[in-house]
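Enquirer: Residues annotated as xanthine binding site in Swiss-Prot, with sequence analysis given as evidence: Leu20, Asn27, Lys156. Look at Swiss-Prot and you will find Ala128, Asn129, Gly130, Gln131, Ala132 tagged as 5-phospho-alpha-D-ribose 1-diphosphate binding site.
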Amino acid sequence: MKVLQEKILNEGKVLSGDVLKVDAFLNHQIDPVLMQEIGKEFAKRFKEENITKIVTIESSGIAPAVMAALELGVKVIFARKRKSLTLQDNMYVASVYSFTKQETNEISLSRNHIDESDRVLIIDDFLANGQAALGLMSLVEQAGASIAGIGIVIEKAFQDGGKKLREQGIRVESLAEIASLDNNAVTFVQQETAEVK
């Protein structure tokens with residue numbers, strides 16, 4: 001997605017060979033116009049999948065998930081990383097290791113909002129080692145719902161998360177795929193796309 005790649009190049013900051021800071025438009029301050037375009041792109045890519053619900057993880061996945069849900073006309077449920085006083089019982093739970101924060105979180109979804117009738121699109125801001133996506137998949141599978149695919153805003157293609165998911169037969173659609181963050185520079189995977197007529 002060209003507009004996203006331009007935003008990454010202009011406003012993203014490479015902190016190391018593994019870490020890209022995009023807090024200027026995605027995971028702290030949010031650019032709503034960009035999020036709207038991201039939502040439209042996810043909706044376009046998954047429109048034939050009969051999505052009934054979008055699942056994401058708090059907090060950076062919420063904005064792109066909501067915009068995609070708006071385009072698809074479905075609801076969003078986000079996995080919580082912390083226990084809530086209002087959500088104590090009747091939860092699906094999975095453990096997720098955060099590459100960025102270097103910690104393991106228990107994530108949870110209420111059983112009241114997802115079930116076997118749902119066809120789910122998982123959306124997240126980043127895909128690195130795949131732990132968040134695998135945790136979200138576990139929650140969806142615990143509910144008996146089916147997974148239509150995973151939409152990722154930025155994939156670090158030099159890490160193995162995307163490869164692991166695709167090897168499991170999961171459809172992964174990434175809007176920006178980064179080949180490298182070496183030498184303080186973002187290098188994108190060159191994708192050849194065929195026009196569908």
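All positions are counted from 1 along the displayed chain.
Yeah, the Cβs are placed from backbone N, Cα and C, and that goes for glycine too.
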Enquirer: How long is the line from the C-alpha of Gln131 (5-phospho-alpha-D-ribose 1-diphosphate binding site) to the C-alpha of Leu20 (xanthine binding site), rounded to the nearest angstrom?
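Expert: The separation of the Cα atoms works out to 17 Å.
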Enquirer: Under 8 Å between C-beta atoms and at least six apart in sequence, can you list the same-chain neighbours of Lys156 (xanthine binding site), or say none if there are none?
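Expert: Asp18, Leu20, Phe126, Leu127, Ala128, Ile178, Leu181 - these are the non-local Cβ neighbours of Lys156 (xanthine binding site), listed in sequence order.
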Enquirer: Under a criterion of Cβ-Cβ distance under 8 Å and sequence separation of at least 6, what residues of the same chain contact Asn129 (5-phospho-alpha-D-ribose 1-diphosphate binding site)?
Expert: Tyr97, Phe99, Gln159, Asp160, Gly161
Enquirer: On a simple 10 Å Cβ count over all chains shown, which one of the binding-site residues Leu20, Ala128, Ala132 is most densely packed?
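Expert: The most densely surrounded of these binding-site residues is Ala132.
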Enquirer: So if I draw a 10 Å sphere around the Cβ of Gly130 (5-phospho-alpha-D-ribose 1-diphosphate binding site), how many other Cβ atoms end up inside it?
Expert: 23
Enquirer: Measuring Cα to Cα, how far is Asn27 (xanthine binding site) from Ala132 (5-phospho-alpha-D-ribose 1-diphosphate binding site) in Å?
Expert: 15
Enquirer: For the 5-phospho-alpha-D-ribose 1-diphosphate site (Ala128, Asn129, Gly130, Gln131, Ala132), what does the 8 A shell look like? I mean other same-chain residues with CB within 8 A of the CB centroid.
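Expert: Output for this site, in sequence order: Val96, Tyr97, Phe99, Leu127, Ala133, Leu134, Gln159, Gly161.
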Enquirer: Which number gives the other C-beta atoms within 10 angstroms of the C-beta of Asn27 (xanthine binding site), all protein chains shown included?
Expert: 18
Enquirer: Using DSSP with the three-state reduction, classify Leu20 (xanthine binding site) as helix, strand or coil.
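Expert: DSSP call for Leu20 (xanthine binding site): strand.
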